[in-house]
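Engineer: Have a look at the structure that comes next, please.
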Amino acid sequence: MSLYHETASLLLNESSVTHGGSLKSRVFGTDSKKLFKSPPAQVYALALESSKWSSILKEVIENSELLKNERKVTPALAVLLVHDHLLAKGGIALPTSHGLRAAIERHKARLASEFTKARLRRKCPTVEALREEIVEKLAGPVHPRWVRVNSVKSTLDKQLETTFKGFQVVSSVGEVMSAGRNKRVICLDGHVPNLIACPPGLTEYLTKSDAYKKGEIILQDKASCFPAYLLDARPEDGDIIDACSAPGNKTTHLAGILAERGLSKKSPQVKIHAFEKDKNRAKTLEKMVSRAGSDTFTTIHPGEDFLRSDPHSPEFAKVTALLLDPSCSGSGIVGRDDTPELHLPDPSAKPSAISSNTSRRKRKRPEKEEAVKEPAATFIDDDDNETVLSSQKDLQTRIEALAAFQLLIILHAFAFPAAKRVTYSTCSIYAGENEHVVLKALSSPIAKQRGWRILRREEQVRGMHEWEVRGDKDACELNQEVADGCIRAFRDDGRGVMGFFVAAFVRDGSLDGEAVDEDGPYRRDDEGRIVRDDDGIPTLKSTGRKAVEGEMEEVEVDVRYGKKAKKGKKKKKGKNEEVEDDEGPFLRDEQGRIVRDGNGMPTLKSTGETVVIEESGSEDGWGGFDD
């Protein structure tokens, strides 16, 4: 089969092997040697370029009446052959004596004439000007190329000094989007750390750079970075599961965040479990994890379905956080299908007479308007699976099926004994896969039993807390807290992201069925004050014993104000030095107990005032990465 027959078959989806998915995945994502006799790159280029020009080529072929005179040439073959005849440098890639080439060249004068007319109708002085018009029309709104610096191997500063040396740094992504597709400008993102926006025309420059080849930078949409960042993982917290990992962007982002927070590659104290049930996709995941340098602390589970994993397995005993990004409709993805629409000529079409006389003719109104049947919509999910949907009912059925699967993933994650935090995300714009799934998860028996709730907006890491686009309140059944906890992104809204959704769940209890005690683990008296012993040690509710057991060591210990000497001893001081009080710096009552206020804070002897300790927003005062 010739190059042209193979390409025509590809564009018409005649082969079950190449059916479904984007053009690139259909050409290069399979065994190309078995699928095509022609070089796959040549097939891809011909299919892509011919599709771009097909609206003009359709016009040229119909007006030249090529298909009426050459009955053996099909509409798809005509588009491909005429494209190469008029636009390819070497012309048609067939011998001069070949029947297909001869069929086209018999009409070369008429084809050239109609092509010139088509160009002039569009007011383009040259073929190159016409080409630019086609490219501009197909390009649509400029969507930036997002680049994440991989913290396992590099730093933002290093990349600014190397890969992006000489680039102009602008203050907003809007400036990047309006700068031009190939201009060397970048914007350092203000929401996700280590993320850079640049014009889409620089993609080839980036993929050929040493930083990309070494895994120091990773191309990843900004919205796709939200789940790992929102999970807010820390090395000291425990292991992490990425339930649906391939191709590995979010897995490696988790690794980068852990590395930024002090995780050692040589002796990591935490493990990332990366599940991928498709063995072929797992190979892609393995390559990406290795190139990103996180293979020393990432355990890949190839061919393993997360839903079949045992939450109570000793292997997952330390798992405290899970990232869930299950299969979805992919309705928010930008550029999912890289193939422009293919316009095929109609063999029965009459040549169009474009003149002033024709345009003034009155059109006879038909007595009865014929109903126009809408073409079936093609639904390509984020795994490149294609489904033809002929009605809104079909779409709803598909969404419901996906949502049922997505809910199962969340409920399974809720069952891991040590889990305290879960993020759920989709690249879908439909509430049926987003807010509705979140509500069902929150109302499930396991969520209520184990104390799972939505991570409130004010609790989210800084960049996510400041992201303005939140969940749909109506879709959340008017629950404002849940709606605010959900994060949304919409493509073509000026923020330069794809359509996306993410929400996080957290669990306050530590054991199954354990109620959250707002008073904490210590006993309190009738006035709400914590019950303490003579040394100020609180008493535990669970055991009735003090929180710290055992004899106090006869050594000096640091306290908030100075050092406390050994019990029962006084230190001799030099001249002009005060003798240290063996009872410490706090007032005590007649029974020797430290005097405290209603909040349990001790009172200083020196001033008679209560000790005030400033509170920070989190245990260690960390509020997210510094941008």
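A Cβ is built for glycine as well, from the same backbone N, Cα and C atoms used for every other residue.
Pulled the feature table from TrEMBL, pasting it below:
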type     : residues                                                                       : note
ACT_SITE : Cys427                                                                         : active site, nucleophile
BINDING  : Cys244, Ser245, Ala246, Pro247, Gly248, Asn249, Lys250, Glu276, Asp305, Asp325 : S-adenosyl-L-methionine binding site
COMPBIAS : 335-344                                                                        : compositional bias 'Basic and acidic residues'
COMPBIAS : 520-535                                                                        : compositional bias 'Basic and acidic residues'
COMPBIAS : 585-596                                                                        : compositional bias 'Basic and acidic residues'
DOMAIN   : 135-508                                                                        : domain 'SAM-dependent MTase RsmB/NOP-type'
REGION   : 334-378                                                                        : region 'Disordered'
REGION   : 515-542                                                                        : region 'Disordered'
REGION   : 566-627                                                                        : region 'Disordered'
Engineer: Can you give me the Cα-Cα distance between Gly248 (S-adenosyl-L-methionine binding site) and the residue listed as 'active site, nucleophile' in Å, rounded to a whole number?
Structural biologist: 15
Engineer: Let me check the 10 A CB neighbour count of Cys427 (active site, nucleophile). How many other CB atoms are there?
Structural biologist: 26
Engineer: Report, in whole Å, the straight Cα-to-Cα distance of the residue listed as 'active site, nucleophile' from Asp305 (S-adenosyl-L-methionine binding site).
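Structural biologist: Here the two Cα atoms lie 21 Å apart.
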Engineer: Using Cβ atoms only, which residues of the same chain lie under 8 Å from Cys244 (S-adenosyl-L-methionine binding site) while being at least 6 residues apart in sequence?
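Structural biologist: In sequence order, Phe275, Glu276, Phe306, Leu324, Asp325, Pro326, Ser327, Ile409 meet the Cβ cut-off.
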Engineer: What number of additional C-beta atoms lies within 10 angstroms of the C-beta atom of Lys250 (S-adenosyl-L-methionine binding site)?
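Structural biologist: Counting Cβ neighbours of Lys250 (S-adenosyl-L-methionine binding site) within 10 Å gives 26.
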Engineer: At its widest, how many Å does the recorded S-adenosyl-L-methionine site span between Cα atoms of Cys244, Ser245, Ala246, Pro247, Gly248, Asn249, Lys250, Glu276, Asp305, Asp325?
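Structural biologist: Roughly 19 Å, rounded to the nearest whole number.
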Engineer: How big is the gap, in Å, between the Cα of Ala246 (S-adenosyl-L-methionine binding site) and that of Cys427 (active site, nucleophile), rounded to a whole number?
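Structural biologist: Approximately 14 Å lies between the Cα of Ala246 (S-adenosyl-L-methionine binding site) and that of Cys427 (active site, nucleophile).
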Engineer: Given the binding-site residues Gly248, Asp305, which one has the fewest other C-beta atoms within 10 angstroms of its C-beta?
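Structural biologist: Asp305, out of the binding-site residues Gly248, Asp305, has the fewest neighbouring Cβ atoms within 10 Å.
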Engineer: Let me know how many other Cβ atoms fall within 10 Å of the Cβ of Ala246 (S-adenosyl-L-methionine binding site).
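Structural biologist: Its Cβ shell of radius 10 Å holds 24 other Cβ atoms.
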Engineer: If one measures from the C-alpha of Lys250 (S-adenosyl-L-methionine binding site) to the C-alpha of Cys427 (active site, nucleophile), what distance in angstrom results, rounded to a whole number?
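Structural biologist: Distance between the two Cα atoms comes out at 13 Å.
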Engineer: What does DSSP give as the helix, strand and coil breakdown of the compositional bias 'Basic and acidic residues' (585-596)?
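Structural biologist: Per DSSP, the residues of the compositional bias 'Basic and acidic residues' (585-596) fall into 0 helix, 4 strand, 8 coil.
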